[in-house]
Every structure is written in C-alpha cells, then in structure tokens.
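S.K.: Below are the features listed in TrEMBL for this protein:
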DOMAIN    64-159  domain 'Cytochrome oxidase subunit II transmembrane region profile'
DOMAIN    162-340  domain 'Cytochrome oxidase subunit II copper A binding'
TRANSMEM  6-24  transmembrane segment
TRANSMEM  44-67  transmembrane segment
TRANSMEM  87-110  transmembrane segment
TRANSMEM  131-150  transmembrane segment
Amino acid sequence: MTTLLTILVLILVAIAIWQMTKIFELSQIKAENSQVASDKDNKYNGYLMFAFLIFIYGITIFSFWKYTKVLLPEAASEHGQSYDSLMLWSFVIIFFVQTVTQALLHYFSYKYKGEKGKKALFYADNDRLEFIWTIIPVFVLAGLILWGLYTWTNIMDVNDEDDPLIVELYAQQFNWTARYGGADNVLGGANVRMIDIDRANVLGLDESDPYSNDDVIVKELHLPVGRKVNFRFRSQDVLHSAYMPHFRAQMNCVPGMITEFSFTPTITTEEMRLNPDVIDKVKRTNAIRAERAASGEPNSDPWEFDYILLCNKICGKSHYNMQMKIIVESEEEYNAWMESQQTFSQLMASMN
Ligand SMILES: [Cu+2]
C-alpha cells in the first residue's frame with residue numbers, strides 16, 4: 001500500500017512539473033514558436049524508434065531467460081507430445097514474424113523520417129508485392145489451422161477402443177470427487193436429485209442400478225500408467241473446469257450434462273519426480289518455503305511434486321484451492337490400491 005501511494009505521489013509530482021514547464025514555455029515570447037517539427041525533432045524521434053526496438057527485443061530476451069523455467073515440464077500423456085509441438089511451432093512462427101516485422105517497421109520509420117525538402121513518392125500499389133504478402137500468410141495460417149484441426153480431432157476423439165478405464169470426475173464448490181466403475185468398469189447411473197448426504201451418497205448414485213454397487217468413490221485419483229482413461233465430467237452446482245496441466249488436458253464441467261475427455265498417462269509420478277525440470281522446480285519452491293519457515297510463516301512445509309487436477313473456471317471464493325492429487329503408478333500398484341478401496345454397496349451397508 002505504501003509503495004502504491006509513493007508511486008502515485010511521484011507520478012503526481014512529475015505531472016505537476018511537466019505542467020509547470022509548459023506554463024513557463026507558453027509565457028515566453030519566442031522568436032520562433034512553430035508547432036511544425038524541425039529536422040532535429042524528426043531525427044530525435046527516428047533514434048527513439050531504434051531505442052524502442054531495442055527495448056522490446058531486450059524485454060523479450062529477458063522474459064525468455066527469466067521465465068522459461070516456470071513453464072510446465074514435458075507432457076505426461078500420449079497426446080501431450082503433439083499438443084506441445086503444435087504450440088511450439090506456433091510460437092516459433094509468431095516470434096520469427098514479430099522479430100522481422102518489428103525491425104522493418106522501426107527501421108523504415110527512421111529511414112523515412114521527415115526532412116526539409118524531402119518529398120514522399122506517390123506509389124499507389126504493386127500487384128506482385130500484394131500477392132507475395134497475401135499468399136505467404138495464407139499458406140502459413142492454413143497450414144497451422146489444418147494441423148491444429150487434425151490435432152484437435154485426434155485429441156477430442158473419445159472412443160471405447162483399447163479397453164479404457166472409465167472414471168467420473170465430479171465437481172462441486174469447492175472440491176473434486178472421483179468415481180471408478182469398479183470390477184465391471186461401468187459407472188452406475190447418477191443424478192444430483194438422488195444425492196443423500198446423510199447416507200453418504202454424495203454423488204447421487206442410483207442405488208437401484210446394479211452397476212452402481214461396485215463403483216468406487218475416492219478423493220485421490222489413481223491412474224495406471226500406459227492405460228487409456230475415459231473421463232466423464234459432472235458438476236453439481238456451477239461451471240467448473242477440470243484442468244490437468246501435466247497431461248495437457250482440460251474440460252469444462254457443466255451442471256446438467258456429462259462432458260468427456262480421454263488420455264493415456266505415459267509417465268508415472270515417481271518417474272516425473274526425477275525429471276530435471278521438476279527437480280529444479282521443487283528445489284526453487286523449497287528454497288522459498290525454507291525462507292518462510294525461518295521467519296515462522298505458514299505453508300512452509302517442504303513440497304514434493306505430484307500431478308494435480310485443478311479447477312480452471314473461477315467458480316467462487318475458494319476456487320483457487322479446488323484441487324485433487326493425481327497419482328500415476330504401475331498397474332500392480334494401481335490394482336493393489338483399488339483392492340483396498342470400499343465399493344459403493346459396502347459404503348451404503350456400513351451407513352445403515
Ligand atoms: Cu471450480
């Protein structure tokens with residue numbers, strides 16, 4: 001707050017000085033009081049163009065150097081690779097075009113700065129030039145769009161091939177619940193109208209549906225590595241968005257409808273913890289946490305990397321904390337974990 005006020009005062013002082021010099025200037029009766037820019041003014045502005053060019057290049061290089069490390073580590077899902085290369089190539093093209101066009105723009109502003117006696121050339125159009133600068137973007141953009149559509153269609157193709165694991169992700173303000181289909185891998189029918197909190201039927205499962213009996217409801221998402229997962233999303237209250245950044249996956253959770261997304265995890269949690277980018281990030285985070293611990297601040301326990309499911313729609317005041325841990329493990333570990341879970345019918349029986 002103090003910083004903000006100081007900055008505000010400084011800005012106001014600067015404006016006051018600027019206004020005062022203006023008044024002072026106006027009060028002077030000058031021999032030459034022209035509003036027309038002189039050669040000197042134009043030259044000065046031409047150099048400023050170069051200064052601005054250096055500034056934008058400088059800030060770009062600085063951002064790359066300083067912030068690249070906050071990007072996500074390598075994709076942990078099968079489709080993530082193609083998603084990432086599409087993103088990378090889009091950025092490469094954008095950065096190349098931006099670097100070249102900005103240089104040209106500022107150079108020509110300098111080169112054709114106003115000079116006394118210099119007359120602009122009347123040059124209406126040039127068909128060949130127009131053709132070139134139309135056809136290049138047409139091909140580049142068409143290529144990117146087609147590649148994007150192809151990638152999108154592949155990623156969004158949710159089908160039952162390769163025996164996918166069926167998992168429901170249920171969103172509500174402000175937490176996630178996961179439900180597995182159980183031994184038969186089929187989810188029982190469910191509806192928010194059938195929610196019975198007193199009897200722990202928190203997801204509104206249809207108790208008369210035989211498919212519901214072996215469903216498993218959990219608060220931590222376990223996935224076997226290398227097996228395709230078909231997610232079905234539901235929301236109890238408002239619009240949420242299931243965001244699993246490490247798997248390059250996101251899908252809206254919409255009240256009253258079921259949305260779907262499918263991916264195959266390729267890297268286990270243990271393997272990801274050995275990724276150099278992840279090790280670096282854990283180190284940096286824990287350095288900050290150690291500092292906090294030293295000054296007795298909360299949230300200072302050492303952090304260990306885990307995959308995470310986040311909500312990516314601002315759904316209310318605790319939205320920021322709406323998350324669930326995801327554990328990708330070997331099939332044996334997954335089976336052992338699943339074995340130790342209670343089924344829906346066991347849960348219901350224990351409530352009666
Ligand atoms: Cu949410």
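Just so it is clear, glycine is given a Cβ too, placed from its N, Cα and C backbone atoms.
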S.K.: Residue list, the transmembrane segment (6-24) vs rest of chain: Cβ under 8 Å, 6 or more residues beyond ends.
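M.R.: Those are none; the list is empty.
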S.K.: Tally the residues of the domain 'Cytochrome oxidase subunit II transmembrane region profile' (64-159) by DSSP class, grouping H, G and I as helix, E and B as strand, and everything else as coil.
M.R.: 68 helix, 1 strand, 27 coil
S.K.: Express the predicted model's confidence over the domain 'Cytochrome oxidase subunit II copper A binding' (162-340) as a mean pLDDT, rounded to an integer.
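M.R.: Averaged over the domain 'Cytochrome oxidase subunit II copper A binding' (162-340), per-residue pLDDT gives 91.
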